[in-house]
Every structure is written in C-alpha cells, then in structure tokens.
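S.K.: So TrEMBL says this about it:
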- 1-27: signal peptide (SIGNAL)
- 92-169: domain 'PA' (DOMAIN)
- 193-212: transmembrane segment (TRANSMEM)
- 255-273: transmembrane segment (TRANSMEM)
- 279-302: transmembrane segment (TRANSMEM)
- 323-341: transmembrane segment (TRANSMEM)
- 347-367: transmembrane segment (TRANSMEM)
- 374-397: transmembrane segment (TRANSMEM)
- 434-453: transmembrane segment (TRANSMEM)
- 465-488: transmembrane segment (TRANSMEM)
- 494-512: transmembrane segment (TRANSMEM)
Amino acid sequence: MAFPSRRSRSLHTIFFCIFFLIGLSFAEEASHDGDSPKSPACDHPYNLVKVKNWVNGAGGETLTGITARFGALLPKEERNGVRLTAVFSNPLNSCSPSSSKLSGSVAMAVRGDCDFTTKAKVAQSGGAAALLVINDKEELAEMGCEKDSSAQDVSIPVVLIPKSGGESLNRSIVDGQKVELLFYAPVRPPMDLSVIFLWMMAVGTVVCASLWSEIAASKEAEVCYNELSPKETSNVSAFKDNAEKDFLDIDVKSAVVFVITASAFLLLLYFFMSSWFVWLLIVLFCIGGIEGMHNCITTVILRICKNCGRKKLNLPLLGETSLLSLIVLFCCVAFAIFWATNRQASYSWAGQDILGICLMITVLQVARLPNIKVATVLLCCAFVYDIFWVFLSPIIFHQSVMIAVARGDNSGGETIPMLLRIPRFADPWGGYDMIGFGDILFPGLLVSFTFRYDKTNKKGIANGYFIWLTVGYGVGLFLTYLGLYLMNGHGQPALLYLVPCTLGTCVLLALVRGELKNLWNYSSEEASSRVSSGDA
C-alpha cells in the first residue's frame with residue numbers, strides 16, 4: 001500500500017513562492033514627531049496635520065496635510081482648534097495682494113510661481129488666520145524657507161494638502177457652498193500596544209514552528225504503523241525514506257544563491273513595481289498560504305482525531321485523496337479568496353497574518369539547517385543583505401530600495417503581502433507596525449535547528465540551546481523596535497539585531513561549553529544513528 005507524501009508533492013511550490021516572499025526582510029514603522037520648537041524661525045519639524053472640513057455645516061472626509069518649517073504652531077487636539085471659513089486667494093497663487101476678502105478666514109492658494117514664505121506673508125497681510133496650500137501633485141511636499149527669506153515674520157499656521165484634497169474643496173467652493181476648515185496636529189504616542197502583539201506573534205511563530213515538527217512527525221509515524229499490515233512491514237523503511245525526502249537540508253551553496261536571488265528579485269520589484277506585479281505576488285502568497293494553512297489544519301485535526309483521515313476518495317488527476325484533506329483544502333481556498341478580494345478592508349490584516357503564519361510554519365518544517373556552518377553562511381549573508389538594501393542602497397539608488405519596495409511605491413495603491421502587520425490601535429494617524437517574513441524565517445531556521453539538536457542529544461532546558469536562542473530572538477526583536485523609536489521611525493534592518501542575538505548567542509554558548517566543533521560539523525543522520533545504536 002503506497003503512501004504518497006503531500007509535502008513532497010508541494011515542496012517545489014512552497015519554495016517557489018518563498019523565494020519571492022522572503023526577499024522583503026523588513027520592519028517598518030512610521031516616524032514619531034516630538035514636540036515642536038517654540039521659535040518662530042524656520043526650524044519647525046514637519047508635522048502631519050488633520051484637516052477637518054464642513055460643507056454647508058455637513059462634515060466631510062478628513063484630509064491629511066503637512067505643516068511648514070515656519071509659521072505658528074497648530075494645536076495637538078481637535079478641541080483646541082478653531083473652525084474657520086475657507087476662501088480662495090485672488091490671484092490663486094497668493095504671490096501678490098489678494099482682491100478677495102481674507103480677514104479671519106483660511107486663505108487657500110495653489111503651489112507655484114513664488115516661494116512658500118511669500119505666499120504666507122501675502123495671506124497674512126490680507127488678514128488671513130491661516131494659509132492652506134494645494135500641492136500640484138498627489139504627494140505631500142516639504143515647505144521649507146528660501147534663502148534670505150524672513151520666515152520669522154510669518155505668524156499664521158501654514159499647511160499643505162495633496163492635489164486631490166484641494167480639488168474636492170475647490171468643487172464645493174465653486175458651487176457656492178460654504179466651506180469651513182479646522183487644523184490640528186495630533187502627536188503619535190511613543191509606543192503603541194501593537195508592537196507588543198507583533199513581538200508576541202513573531203516569537204510565537206518561531207517557537208510554534210520548532211515544536212510543530214514534533215506533532216507532524218508523531219502523526220506520520222502513527223499512520224505508518226497503524227495502517228500497514230504485518231505483511232507490509234517491508235514498506236516501513238520505504239515510508240521512512242519518503243518522510244526524510246519531505247525535508248530539504250540547506251547547504252552552503254544554496255544559502256549564498258538564495259540571498260543573491262532575493263537581492264535580484266528586490267531590484268526587479270524596485271525597477272518594475274506596478275499593480276499587476278503586486279497582484280502576481282498576492283497570487284503567489286495565496287498559493288503558499290493555502291498550502292501552509294492546509295498543512296497546519298490537517299495536522300491538528302489528525303492529531304486530535306486519528307481516524308478522521310481514513311475516508312478516501314478516488315478522483316481523476318488527483319488519485320486517492322483523503323476526504324478530510326479535500327474539505328480542508330476547500331475551506332483554505334475560500335479563506336484565501338475572501339482575503340484577496342477584501343484586502344483593502346480595515347480587518348484584512350488578520351487574514352494576511354493567518355495565511356502568513358501558516359506559510360512560515362510549513363516552510364520551517366520543510367527547510368532545515370544541517371549545522372552551524374551553514375547557519376553562519378546563511379545568516380551572515382542575510383545580515384549583509386538587510387543592511388545594504390536598507391542603509392547603503394541610497395548611495396547608489398538615491399533612496400533605500402528596501403523601504404521603497406516595502407512602501408509599495410508605484411504599485412498603484414496595492415500593498416505587498418509578505419509582512420505580518422498589526423494596526424496601531426492608539427495612534428491617531430493609524431498605520432501599521434510590520435515585520436517581514438525574512439525576519440522570522442532566517443532566525444527561525446536556526447532556532448528550529450537547535451530544537452532538533454537538543455532533542456537528538458537529550459539536552460535539558462538549561463544546558464540546551466533552544467530556549468536561549470528563543471530568548472535571544474525575542475531580545476533582538478525588542479532591540480529592533482527600540483532602534484525604530486530612537487531613529488524616529490526610520491526603517492530598520494531587523495537582521496542587524498536578530499543575527500547577533502541568535503547566531504551570536506549560539507556560537508558563544510557553544511564556545512563556552514566546548515561544543516562548537518560538534519555543532520559546526522553536525523550531521524543529523526550520524527547523530528540519529530549513534531542514538532539508535534546506544535538505545536539498542
């Protein structure tokens with residue numbers, strides 16, 4: 001009786017997907033602006049602004065703007081803001097005195113023809129209480145001071161909004177409706193609870209993936225010995241051989257090629273990013289997520305109910321297939337399609353995280369590091385990869401390639417799905433805290449290896465490596481988010497912190513214990529043979 005391995009059939013599919021997905025090892029958090037300086041000179045920080053608007057008394061969609069480096073400071077809370085009538089300057093560029101009555105109102109002007117400080121002075125001289133500049137592009141732009149300009153003479157707040165926001169307000173004013181505006185600049189909290197949940201998710205994924213391999217192995221062994229008759233005991237060894245083929249041991253060459261491939265794909269995304277390219281990534285992510293979720297759910301069900309998978313169906317093309325497997329597969333496909341069609345919804349992050357975690361658990365079961373030598377090559381290459389594409393790539397490309405790709409520049413509003421993300425619940429500006437798959441998978445491979453090493457060599461918690469590397473991974477993630485905070489939210493290469501805290505911890509412990517040589521050249525097959533001989 002043959003037992004074809006489902007994981008063997010899907011091994012190439014998973015790794016095809018993961019070659020694309022792991023290329024974006026990135027953790028990002030939006031910048032945190034502190035308190036603005038009190039000086040009226042041109043040294044204010046650029047703060048995001050909420051622009052609330054009312055048309056004939058009815059509230060409209062709140063717009064997002066940005067303050068200038070000069071002018072009066074805005075209140076941090078809505079209740080301290082002042083609701084003022086909006087009036088267009090005449091001329092619209094506000095480069096010369098306006099014929100429109102601006103007294104006590106928000107003067108609206110279009111960008112161009114003169115510098116920002118000139119526009120502000122003209123609006124202020126006309127009695128305006130604030131100036132709203134409409135950008136000629138959809139992005140927000142920085143409003144600095146021109147050389148030799150007297151920015152200290154500007155005492156009204158100056159705010160810039162995107163082109164689309166200005167067009168919306170313009171339509172209302174042209175139609176003769178009364179438009180009122182209110183500005184305030186809420187400050188981000190220094191830390192959001194979402195960081196803690198993201199930390200727990202990442203550490204939990206690594207730990208769960210390491211322990212999950214034991215659940216899967218127990219299930220397969222039971223199926224083998226329960227379903228094979230005594231006359232078919234000769235097939236037991238064949239089954240074990242097939243089980244071994246389910247795993248892919250990474251070697252030094254493949255580790256180097258893997259990181260080079262990830263770099264090439266990152267450049268491909270950077271230069272050719274578009275909505276159809278992101279859709280291709282979404283499809284690949286869904287394929288990997290379906291496979292991962294199917295594997296996780298069936299493993300748990302068969303662990304709880306060993307007889308659930310006995311019902312078989314003989315289907316065209318698929319051959320003999322478990323009924324349980326088909327039902328779970330249908331549910332997983334439905335879940336992935338629902339997420340893909342609703343990925344812009346506010347709750348889509350939960351589905352993305354579920355698919356991503358299941359995918360990573362499955363990958364960490366399939367891919368294995370054989371020893372510390374390969375782990376050192378892989379993690380050191382990934383270490384250099386992460387630092388180069390985040391911090392050093394601006395020297396060549398004039399911007400961080402990793403950050404540009406993770407933001408989804410030129411993607412037509414679509415976002416790349418190979419991230420775990422959680423919304424910032426306490427942040428008035430919203431947004432997400434995120435961590436890239438690579439920041440979990442690369443260290444996770446090493447943590448999973450130490451779990452197998454400890455188990456094979458019958459090491460306890462204190463004298464083993466698994467628990468210490470798990471702690472090291474948690475500390476590395478903590479340092480990553482501490483770095484984000486200290487660097488005002490600038491994207492951080494998480495592996496800069498994770499590699500020393502995991503690989504460094506492992507090598508240091510091995511040196512102290514005198515086990516580095518054994519770990520460096522470790523072979524799981526030889527270790528298993530020695531253990532079996534000892535037991536016999």
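Each Cβ is built from the backbone N, Cα and C atoms, and glycine gets one as well.
Just so you know, TrEMBL annotations are computer predictions that nobody has curated.
Where in this structure would I find these features, and how exposed are they?
M.R.: Within its own chain, the transmembrane segment (193-212) is flanked in space by residues 29, 296, 299, 353, 357, 360-361, 364-365, 420-426, 432-435, 439-440, 443-444, 447-448, 451, 466, 470, 473-474, 477-478, 481, which lie at least six positions past its ends and keep a Cβ under 8 Å from the stretch.
Long-range neighbours of the transmembrane segment (323-341) within the same chain, counting only residues 6 or more positions beyond its ends whose Cβ lies under 8 Å from a Cβ of the stretch, are 6, 282, 286, 289-290, 293-294, 297-298, 301-302, 308-309, 311-313, 348, 351-352, 354-355.
Beyond the ends of the transmembrane segment (374-397), by six or more residues, the same chain brings 25-26, 250-252, 255-256, 258-259, 262-263, 266, 270, 403, 438, 442-443, 445-446, 449, 491-496, 499, 502-503, 506-507 to within a C-beta distance below 8 angstroms of the stretch.
Proximity of distant same-chain residues to the transmembrane segment (434-453), defined by a Cβ-Cβ separation under 8 Å and at least 6 residues beyond the stretch ends, is recorded for 18, 21-29, 198, 202, 205-207, 209-211, 213, 250, 262, 356, 359-360, 363-364, 367-372, 375, 378-379, 382, 386, 406, 418-421, 459, 464-466, 469-470, 473, 476-477, 480, 494-495, 498-499, 502-503, 506, 519, 522, 524.
For the transmembrane segment (494-512), the residues of the chain that approach it from at least six positions outside its boundaries are 25-27, 372, 375-376, 379-380, 382-383, 385-387, 435-436, 438-439, 442-443, 446-447, 450, 465, 468-469, 472-473, 475-477, 479-480, 483, 518-519, judged by C-beta separation under 8 angstroms.
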S.K.: Quick test of the contact rule: Cβ under 8 Å, at least six residues beyond the ends. What residues does that give for the transmembrane segment (465-488)?
M.R.: 27, 29, 31-33, 190-191, 195, 199, 202-203, 206-207, 210, 433, 435, 439, 443, 446-447, 450-451, 453-454, 459, 494, 496-502, 504-506, 509-510
